[in-house]
Every structure is written in C-alpha cells, then in structure tokens.
Amino acid sequence: MAEQHSEVDRFFVREQMVEAMPPPGVRRGAGDWFRRNLFSSVPNGIMTILALLFLAWSIPPLIQWAFIDAVWEGTNREACLGPDVGACWAFVKAKFGQFIYGRYPIGERWRVDLVFLLLAAGLVPMAIPSAPYKALNALFLLVIFPVAAFILLTGGFGLRVVPTEFWGGLLVTLVVAITGIVVSFPLGILLALGRRSKMPAVRLLSIAFIELWRGVPLITVLFMSSVMLPFFLPDGVSFDKLLRALIGVAFFSSAYMAEVVRGGLQAIPKGQYEAAAAMGLGYWPMMYLIILPQALKLVIPGIVNTFIGLFKDTSLVLIIGLFDLLGIVQFNFTDSNWATPQTAATGFAFAALVFWIFCFGMSRYSMFIERRLETGHKH
Amino acid sequence: MSTQEGASAVAEEQARIAEEVRAMAAKDQPAIEMIDVHKWYGEFHVLRDINLRVKAGERIVVCGPSGSGKSTLIRCINRLEEHQRGRIIVDGIELSDDLKRIDEIRREVGMVFQHFNLFPHLTILENCTLAPVWVRKMPKRQAEEIAMEYLTRVKIPEQAHKYPGQLSGGQQQRVAIARSLCMSPKIMLFDEPTSALDPEMIKEVLDVMVDLAQSGMTMVCVTHEMGFARQVADRVIFMDAGQVIEQNVPAEFFENPQHERTKLFLSQILH
C-alpha cells in the first residue's frame, strides 16, 4: 500500500485539466448578508446592537423636531412660540432672500440669479465627462463667466453699482470659495513644482511663500488684510475689503494645495521622468503630459479635502465684517421680530444643511472622477 | 489604405535609417564616441576612463556584475546621468550643459528601460504617439499610423487601446520598444530590457530586439542574455568596477576570454 502510494507521488502526468468552479459555501440572501456584515463576531454583534440603539434614540426626536413639530408657515415670531414647537422653518422662509443675497438690493437680485444660472450652465456640462465641446466649455467657465459675473455683480455698463458691502449670504460664500478654488489650484501646482525645482531662487521663493502662509492662521491673514494692510498702503489708496479677503483666502489655500500636490509629485516613480526625458520632452511638456496627470490623480482625495476645508473656512470672513451664509444667518437671530427659542437652532440647522450639500457634492463627485480615471494596475 | 500608407512610412523610415548609416559610415563619423569619461556619485568613482567608439550600425552588448557601472554608462549617452570628466559625442553633437543640444540628442536616441516605464495613464497607442506629436510635431493621424505599424511589428496591434496596466510584462516591454521606434531614432539604448521579465516572456522581447538588430539599427544593449550577444552583437564589452575590463567580438569573447575577471564572470553565468 505504502509502496503504491510513493509510486503515485513519483510519477504523475495530468490527463484532464480541472475546470474553474464557483467557491464553496457562498450563500446569498438577506439572512446571510446580515450574518456576514452585522453579526460576524461577538464584538461586531455588540457594535451593531449599540449602533441600532443609538439610531433608535437619536433619529425619532430629530424627525419629531425637524418635521412633525416644525412650523412651516408664519409671518413673525408668534407662529413659532409655544410649548411643543419644533424647528421654526417659517423663519428661514421669511429670511431666505437675505440668506442667499445678503443685503443686495432687492430690485437687482436678478443679477445674482443670472450669475448662479450662468455658473450652473457652465459647470454642469463641464462636470459630465461625456458632454461635448470641453475646450469651449472651459473657455466659458474660466474666462467669459468670471468677467460676466464681475460686471453683473458689481455693476457698471449701465447696471446700478452695488458695492461689496451689500453682498452677503450664499453669494459671498460662493464668491470666496470659488475664487479660492480657481486661484489656489493652479497656483498650488506652480508652487509645488517650484518647491521641487532645481533652480535655487525659484525653490527658495516657493518654500518661503508656502511656509509663510501655512504658518499663520487664516483669521490672522484676514485680520491683516482688513486691519493692518491699510496702514501700509499710501494715503487715499484703498481697495475693496472683499477683494482683500479673496486674495488672503486664495493665497492661504494655495499654500495648502501646494503641499498636497507635492505629495503627489513625490509619489511618481523616477522612471516616469526618465522615460519622458529620454524621448526629448522638455520640462513643461513633461509635467503637463506625463507627471501632473498622474500626480494629481493620486492626490484627488487631498485636493478635495483642501477644497472642502476652504469652502467651510469662508465663514471666517465674518470677523472682518463680511457676512457669508453662516454670518447672515447668525445676524438675523438679532431680529426681534423672530426672537424665539427655536430660531437659532433652526438657522444653524439650515446653514449646516446648505454647507453639507455643497461639501458632500464635492466629495461624491471626486470619488466618481477617481473611479473614472482608474486605468488598471500601477507599476 | 491607411495601413499601406503606414507600411510605406515605415519602409521609408528604414530606408532613411539605412541611408543615414551609410552616410555616417562614409564620413567615418562614429554614432557614439566617449573619450576618457569619468563619473562620480558623490565620493564614489562610478565610471573610470571610459573610451568607446560605436560605429553607425554597430551592435554592442555591455555586460558585467551589478554595480559595475554598465547602466550608468549607457545612461550617460542620453544624459540621464551627467559625466564629470571627458567628452561624449553622440551623432556628431557633444553633450554639455546646453539643454537644447541634449534634447536634440534625445530625439535621435531611443531608450528602453528595465522596468518599461510606460505611462500608465495613457493607452498603448497614446504612449507611442506622444513623443512624435509633441516633440516631432507630427500630425496625430500620421503618428497613429506609424505607431500601429510598429505595434504590428512587435506583434501586439490588438492591444493599442488598452492601458499598460492591462498588459503582461513582455507585452509592456515590446510596447516600450515600439514607443522608442516611433521617434525613428538613429541609436537605440537598452538598459537590461529582460531583467524584470518572467522567464516565459524573455524570448518574445529578445525576438523583437534581434529583428531590430538585423534591420541595421545602431544598438547599445546592457544585458545578460548571452545568447542574444552571440547571435547579434558585433562586440561584447565586459565591465567591472566602473571600467571596461575586456572587449572583443562575441565568438572570441566567449570562447577565449583573456582577463581573469572576465573568465570568472563567464564561469558564473554560463552553466
């Protein structure tokens, strides 16, 4: 018997190939899914039960407050007074115009609407990869739209001039955030390349810029721009407060963006640079065609992180007297017409919801783009 | 129609290369000339007293133990590495700090790397057309036709629209060769092109290289494929400790090595 066995071990020639079979023991169905995902082990089961208890404890009161007990209609605080009143959505409804436009003159608000509309018209087809005319679309979004938006919002050319002091709400939030994003992305890339440059002067300047802006809090930057800067400018020279805030925010986020992009540049293997150089590509074509497309793809999560941070940091312009969405919501708490116990909570909930929609949208879109750019295994 | 045009374009290219090789040979201008070249990595003297003349159309195999400086040597030819002493003249142009001249040389010198270095974010076809379109300013359509011809020549035209990550190592290296050829280089450098490949894939790459060698291309190959060296090389150069120890025609080199170090090396790699 043993002899026979060793015989088998020594000589073997396969006569028939084994066909691929499905793995054993895979059951499908709801019960199996629960067992594998929610109760696969004792600690996992405990966590599942705790999470369910937490949801059962937190969700019903929230729904009760936000929907069932909420006040939807009303013209002043009277509607939202009472022992068991929930969210005072009537307040948001009454102040909605201010939340969106700030103190922008009511008769001119169509101009802001038009800007929002143009932005959407440019952004939506740009964001859909299969939409045609990408080059024209980019031209519209990066050249025509900013000029049009500037004229529409500030006035001139026959339009009534609206100083930026009157801007506010979501308008200011979007102006600051979008300018910050549009400036910081290319500037950050240039700074990241500069920091890795072989030219000492370029490298030193980039490092100085990045470390200077990264080393100070955004609040300090905004204070400096609004309080200190006028001291350094000659008498009679002043420029717009919003513009100063825009420059401060843009430079600030450029420094962060630069470091994110640098992380991506460092992750690109040396061989990619060498292959590009060996075929005679110069520095800029190499960066544009080979290195940056790969580096930026790698750091999409970091880039979007910076964008989202920037979007939320726009609220800090409040401290230099500009009213972004959150600022104008808070400002309206002081309106005695709407002073109720629920006003603040409702206002904050509304502001949080708006911020969340924008940030979550950016997050989801970036994940979509990441999946789209996936081209198989890395080297 | 289009493939015919592409085929004739490749034929024209080959005719052009042959013509250039003849012209250079007639002028007795070497394709590559290295005179008393030295290089240091920090304190480490990595290349010492390198004197090398490669004639147009000549096929050179460089071998030697790891760390002997053979990769550094060929990377100096297209200035991926900078030499600190001596002169290197490639295709009649001397390498110096002049970036313009370096790019001029790099346009005429193709390079194939150990790790392929294909661009993972571009398709195979885009990998092949990138340099002709951006460096040679060739119309995209024409570049694509030529690329398809070379991809056919390395026997993977059907992979043109895939990404490098979807190909096997041997296929990727053949794409890398086709990508270099699309620039119609006068000289091809190979830096251990089969060292990172699975054993079963080495032959498909070597076949392409043999085919290329037989078409008259000037080639400098760092490789340990001694069968390849015997078959196509005009000269084998053996390096150790940053210097050329011995060079000879393949038959003599393998049958009758002179230097003790060469004998030892050959006894280690030829079983």
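The chain as shown is numbered from 1 upward.
From the backbone N, Cα and C atoms, a Cβ is placed for every residue, glycine too.
Quick caveat, the model's predicted, so the values are computed rather than measured.
As recorded in TrEMBL, the features of this protein are as follows:
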- A:45-68: transmembrane segment (TRANSMEM)
- A:110-128: transmembrane segment (TRANSMEM)
- A:135-154: transmembrane segment (TRANSMEM)
- A:166-191: transmembrane segment (TRANSMEM)
- A:170-359: domain 'ABC transmembrane type-1' (DOMAIN)
- A:212-233: transmembrane segment (TRANSMEM)
- A:286-308: transmembrane segment (TRANSMEM)
- A:315-333: transmembrane segment (TRANSMEM)
- A:345-363: transmembrane segment (TRANSMEM)
Candidates A:110-128, A:166-191, A:212-233, A:315-333; stretch with most C-beta pairs under 8 Å toward the transmembrane segment (A:135-154): A:110-128
Two-stretch contact, the transmembrane segment (A:166-191) and the transmembrane segment (A:45-68), at least three Cβ pairs under 8 Å: no
Distant-in-sequence neighbours of the transmembrane segment (A:345-363), which means Cβ under 8 A and at least six residues beyond its ends: 66, 87-89, 91-92, 99, 170, 304, 307-308, 311-312, 325-326, 329-330, 332-333
Residues of the parent chain within Cβ reach of the transmembrane segment (A:110-128), under 8 Å, 6 or more residues beyond its termini: 100-101, 104, 134, 137-138, 140-141, 145, 148-149, 152-153, 159, 162, 171, 174, 178, 365
Chain residues in Cβ proximity to the transmembrane segment (A:212-233) (below 8 Å; excluding those fewer than six residues from its ends, i.e. six or more beyond): 241, 244-245, 247-249, 251-252, 254-256, 259, 313, 316-317, 319-321
